[in-house]
Amino acid sequence: MGDNIVINLNNVSRSYGNVKVIEKLNFTINKGTINSLIGSSGSGKTTILKTILGKLKQDDGIVQVFGKEPCGKGSEIPGSSVGYAPQDVCLYNEITIEETLSFFASIHRMPKDEYIKKRDSLVEILELPSLSKIISELSGGQQRRVSLATALIHSPKLLILDEPTVGVCPLVSSKIWEHLIFLTKNFGVTIIITTHYLQECRSCDNIFLLRNGRILESGPPNYLLSKYECSLLEDVYYKLCRGDEEISLQLIDSKNNEKINRDINTSIPLEFISNGANINNDDILISNTNKPIIKKDAKIYKERLSDFKNKLQIWFSHSITISIRKLTQMYRLKFPLVFEIISPSLLITLFFLAIGNVPHDLKFGIKNIDSGSLSGDFINALSDGNNIFNFIQINDTSNAIQMIESSDLWGLIDIPVNFTNGMINKLFNPLEKSFENSEMEIYMDLSNFQMNLMVDVQFQKAFNKIANDSGIKLLPTNFHAVYGDQNANFNWFLAPAMICIITYVHCMNFLSITFVREKNDGTRDRILLYGVSPVSNVLGHILAHIPILLVQFSIQLLIAVFAFGVPIKGNIVLIYLFFILINTVGMCQGILISLISKAEVDAVQLCLAIFICSLCMAGIIWPTEAIITFGWISNLVPTKWSGLALRGIMIKDLPFSHQHIWKSLIIIISYIIGTFSLIVISTPIGDRNFNFKKLFKRIKK
């Protein structure tokens, strides 16, 4: 009997919060039978299917499929032993029918000739439209048939079909049922379906009638019709629901609140086990046995798991398959693809145009009543070779101050009488003369720190130029450039890190939205159910995104170098290496964000929060050395290290042996390993919707 049992549920319960969805459920399903779960919405059908598939963890009881707990050691679930067609079609809208079937065949590692043979057979049975049609162009019924084809393509031992014939014409529905019966009779395939069309269930070997998470009755259709003296299964279900409702009312009205044993005796008289109306119900056995059945015939699966080399090959094969599918999806969406490639370049161009440049055309008032030439030389030095200042002659100081207050002027330079003589006396006879008339008065709006700093620098440069032209050295210092250039501008500092963070957040946002969509539309869980590991799924998306990253980065570098003069002095290979690594961190963080986000807007908001934190704490626009109180936080931001390394390579030509380079590389790789590990730990299908209340109860015990 153990070899014949495919599914065994023993006292299984499952809750969502305080609501019991299924309670003390007991049933077994035998090999080579078609079994139908019948019940209204909320009766627990989908929860039972998800528990069997390992997508939900039961609160209590034992669930065994092929003799093992789903997702447990040695289990065939997840894997290719099961075929699943969910109620939501869970297909990729951007690819064709052929690409869809080929993708799932590759996931199951089917030989090409076997795939073609099975594909052609399913096209005929399910009457699929042209294989070149894109999924989004199909009707709902056509999409459901394609979904069913993906569940059948690899010839699984267990088929779980949720509403497989909804929206399908009666003729095709009849052919589907004929094929399902053929599979059970000739290949011993076990099938579980849910449906609202009770008359379809006349072809089933077994029917389970559910209400409020309990089995009201089960058995072959003719047995149920005979037992309850009905001509239609709808009438049988109606009688059972009415009886169950009356028992519930009696229980509520009972003063003693006596517990009523409502377990159904599902043993069936032998005369109903084989009958003409039930097409293929040979050797059906319904049992509520509590004895765990352990199937020992899992040799091939155990050998594959124990062979690490083969496991790596499977991971690699799945990763390549997913990356090809993802690239195909992106290629089909032309506008999003172009936007994905161009938008970082547009942002970096906007950044270069708006940030880091020296201001120009600043209106400054000049009140110059100096009789000497030094004041004129100073004004000429300020205007020499640039258009930073736009000088306006002013005669009245108070009037100029009013213009500054009304924002008509940035400032006023008030040069006193005999300024030239005063400066000469200050420099050459400091003890003989006072410093009167040796200082000019500057009136400015000092609320703009950055602008004040730039103006101050220009004034100092002008005085140094006058002094140097006269052979006088004002400052007792000589600056020598060990790295960089004295003519470097602020963009040299900003560009390497800014290019990084733009693409970093772009990748994070793109991957988080992608994974939230795949999580919500069911496509992610579907491939995980077929044995695709979280490692392969993540690697597949990362591999698909790397070609786009390389194009993005190349365009940004060309813009930075040829349009805005940012130098690249170091090893270009190291530059690309750090760029790919930091964006891999961004992609992994995006996937991690998707695991805790219910909707795309949640993921976008989290990405925006990380972007703001990185912009402020990573030393991108201001040195991290200026962060005094919480400076240690900047060490936790990965873009700090990529910016540090890229500045070192691009501007300083630092070798790999320099501590800024190899330390940054180790830290970024550690981030990748850490986030990747969190994804792998958090994603496994068996841990979804885990009941933490039960876990805490066990801890207390």
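Residue positions begin at 1 at the first shown residue.
Glycine is treated like the rest: Cβ placed from N, Cα and C.
If you look up Swiss-Prot, you'll see 7-237 marked as domain 'ABC transporter', on the strength of sequence analysis. Annotated ATP binding site per Swiss-Prot: GLY39, SER40, SER41, GLY42, SER43, GLY44, LYS45, THR46, in sequence order. Feature annotation from Swiss-Prot assigns transmembrane segment to 335-355, 493-513, 541-561, 574-596, 608-628, 665-685; the stated evidence is sequence analysis. Residues or ranges marked as domain 'ABC transmembrane type-2' in Swiss-Prot: 459-686.
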All chains considered, the count of other Cβ atoms within 10 Å of the Cβ of THR46 (ATP binding site) is 20
Within a 10 Å radius around the Cβ, which one of these binding-site residues has the most neighbouring Cβ atoms: SER40, SER41, SER43?
SER43
List, by number or range, the same-chain residues at least 6 past the transmembrane segment (541-561) whose CB is under 8 A from its CB atoms?
319-320, 322-324, 326-327, 330, 337, 340-342, 344-345, 348-349, 352, 495, 499, 502-503, 506-507, 510-511, 514-515, 567-568, 575-576, 579-580, 583-584, 587-588, 591
Say we define neighbours as other CB atoms within 10 Å of the CB. Which of the binding-site residues GLY39, GLY42, GLY44 has the fewest?
GLY42
GLY39, SER40, SER41, GLY42, SER43, GLY44, LYS45, THR46 excluded, remaining Cβ within 8 Å of their centroid (ATP):
THR47, LEU210
Which whole number is the mean pLDDT over the domain 'ABC transporter' (7-237)?
87
Contact set of the transmembrane segment (574-596) with the rest of its chain, CB cutoff 8 A exclusive, min separation 6+ beyond the ends, reads 499-500, 503-516, 519, 538, 541-542, 545-546, 549-550, 553, 557, 568, 603, 606-607, 610, 638-639, 642, 645-646, 649-650, 656, 661, 664-665, 668-669, 671-672, 675-676, 678-679, 682-683
Counting only residues 6+ away in sequence within the same chain, which have a CB under 8 Å from the CB of LYS45 (ATP binding site)?
LEU37, ILE38, GLY39, ASP162, THR194, LEU210
